[in-house]
Amino acid sequence: MTPNQYSLLCLFVGMATVLGLIIIMRANAFLALITAAMVVSLMADGPIQDKFARVASSFGGTAGGVGIVIALAAIIGKCMLDSGAADRVVRAFMSVFGERRSPIALMGSGFVLAVPVFFDTVFYLLVPLGRSMFRKTQKNYLLYVMAIATGGCITHTLVPPTPGPLVVADQLNVDKGLMILIGAMIAFPAACAGLWFSSFMNRLMPLPMRPLGSEPEPEAIPDDKLPSLWISLAPVLLPVILISTNTVLTTMADAERAAQLREGDIVDWTAFRGRIQSDEAADTENNFGKHVLATIRGNGRDEERVRIAELLLQSGDLNGEEQNELRAGLNRYLLLDKSFPKNRDAFLGMNLSSTAMSLAGSNPARMAPVTAERMNREVLQSAYDEDVVKPYQWGTRTREAANVTSMLGDPNFALLISAIIAMWTLAVQRSLSLKELATSVEVSLMSGGLIILITAAGGAFGAMLTVANVGEAIQSMFPIGSDAASAKLLILFLGFGIASVLKIAQGSSTVAMITSSGMLVSLANPEVLGFHPVYLAVSIGAGSLFGSWMNDSGFWIFAKMSGLTEVEALKTWTPLLMVLGATSFTCAVLMAIVLPLV
């Protein structure tokens, strides 16, 4: 059995463990995922004493990355519901769009509220409004409930901080702000398509509104008992604004490429090349110059790489054109290499800067190109005197501003501020004592705790698939390294397809997203894909919508709370989510072609 075949066997055993425990044994998703992680870890290479320790380490790493955000989002959602803030947002939509366009208002309400609030809670909140609209109009009941499902489902699977897209973004190293922006951009046309399909199904099979058991309809809260619109929207809009501002400024700062070698940065080309030439001629097997040449040459089959190495070793002075060619080659093949400082033997006797040492300890798979440039420029600055390589300025005005927004726009901080606002609104609006407020927060954390356990277990499972080299095995099956754009887009179809199969098999969109991203994490490289990994993240989210049926809790929430039979739900809910998934995936593919973001 080849190494790739064994990696695929690890994948098969891991997925069989997850699906078998969830479908056959009816086990909780947390137990299924953490068991699968341990099974795959046992099968993967590594010291036997580390088999379970690395599972726990990966579990903790994922929990550290997303646990605070999920917990705070749970608090925000509960406080918005209890304070009436969510109700105020819905009434604002209804006021803007009016009775005739109430399906748009219901869809828009679900679209906005499902960003910080879980889907089942959003649906529970909005269904009474849909039923109330039917009492007024005596028509379009199916349209109303499907419009609510459309808005709630699409942002629940594409826009953080809901757990699925949050963990996918974290595993694929996608900036949270960019995930919010691109996810929302793709979710909007998908929601419009879902609303059109809802209208079509409403005409095709008009259904009556049926009573929901013996429970009375919840009474509407008077307007004067609700918080103001802006206070109600603040917990939703504030983190989006802070995180998005950080993303924009960081992108602008990264675009400066401050660490790149520019004209005049190498002051003395003779001395710069002389050190590499003398190191190359030395008897030692490994030194700075030989490591530079090996890094630039790569596998030795790229003519341009070989040409850059020849320029470094060429005797005599370089003319202006050769200097420009060599500088461009150093930027492309040396400064962008994410593992250059890992060969510590090549830097013996050199006093590497603290910045270079710190960045060299980072995970190369999660390192941005601009960070690699800074790391390797720091190495060059440590290797040469200032009269050979001129110092660069990293702390530009844009970078300083981005550093400030990196603190304010950190998802943990942004959602903490939003949670404080939501808690304050609840306490003031309902005149709660501190003890009563604490009780409400504890209830929300109990629901969020299970989600954190599931997502962290899914992260551990994905990490063990990475240890088992599953990503490389999958990559070997597809011509992703081809220069053809169509070949590079295959990975999007792969992400969508894997998530769809997992969704159909076990029912949970969150589990489908976490498992799929864990399988494909090694492929989430812009240099390999030719486009930003955010489109892979969105494609996985789109796939997790496709194929919802009776093993999905969302199916039963929609059916029971809408008063539909199982057959009616299969005819409406299931195809609706297929439309949402197919549309969002199509938009992701088109945007990857038109706006690759690399």
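Cβ coordinates are placed from backbone N, Cα and C, and glycine is handled just like the others.
So that you can see what the record holds, here are the features copied from TrEMBL:
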{"type": "TRANSMEM", "residues": "7-24", "note": "transmembrane segment"}
{"type": "TRANSMEM", "residues": "30-48", "note": "transmembrane segment"}
{"type": "TRANSMEM", "residues": "55-76", "note": "transmembrane segment"}
{"type": "TRANSMEM", "residues": "104-129", "note": "transmembrane segment"}
{"type": "TRANSMEM", "residues": "141-159", "note": "transmembrane segment"}
{"type": "TRANSMEM", "residues": "179-200", "note": "transmembrane segment"}
{"type": "TRANSMEM", "residues": "413-432", "note": "transmembrane segment"}
{"type": "TRANSMEM", "residues": "444-468", "note": "transmembrane segment"}
{"type": "TRANSMEM", "residues": "489-514", "note": "transmembrane segment"}
{"type": "TRANSMEM", "residues": "534-551", "note": "transmembrane segment"}
{"type": "TRANSMEM", "residues": "572-595", "note": "transmembrane segment"}
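Ranked by Cβ pairs under 8 Å to the transmembrane segment (444-468), the stretches 30-48, 55-76, 141-159, 534-551, 572-595 are led by 55-76. Simply put, out of 7-24, 30-48, 179-200, 489-514, 179-200 has the most Cβ pairs sitting under 8 Å from the transmembrane segment (572-595).
For the transmembrane segment (55-76), the list of distant contacts is 34, 37-38, 41, 116-118, 160-163, 166-167, 170-171, 235-236, 411-412, 415-416, 418-419, 422-423, 441, 444-445, 447-449, 451-452, 455-460, 462-464: same-chain residues at least six beyond its ends, Cβ to Cβ under 8 Å. Counting only same-chain residues 6+ beyond the ends of the transmembrane segment (141-159), those with a CB under 8 A from a CB of the stretch are 102-104, 106-115, 118-119, 122-123, 126-127, 130-131, 133-134, 165, 179-180, 183-184, 186-187, 190-191, 194-195, 197-199, 201-202, 205-209, 509, 513, 538, 541-542, 544-545, 554, 558, 562, 564, 572-573, 576-577, 580, 584. When Cβ distances are compared across the two stretches, the transmembrane segment (7-24) makes contact with the transmembrane segment (489-514), since 3 or more pairs at least 6 residues apart fall below 8 angstroms. Through the fold, the transmembrane segment (179-200) approaches residues 103-104, 107, 111, 142-143, 146-147, 150-151, 153-155, 158-160, 165, 168-169, 240, 243-244, 247, 534-535, 537-538, 541-542, 575-576, 579-580, 583-584, 587-588, 591 of its own chain, all at least 6 residues removed from its boundaries and within a Cβ separation under 8 Å.
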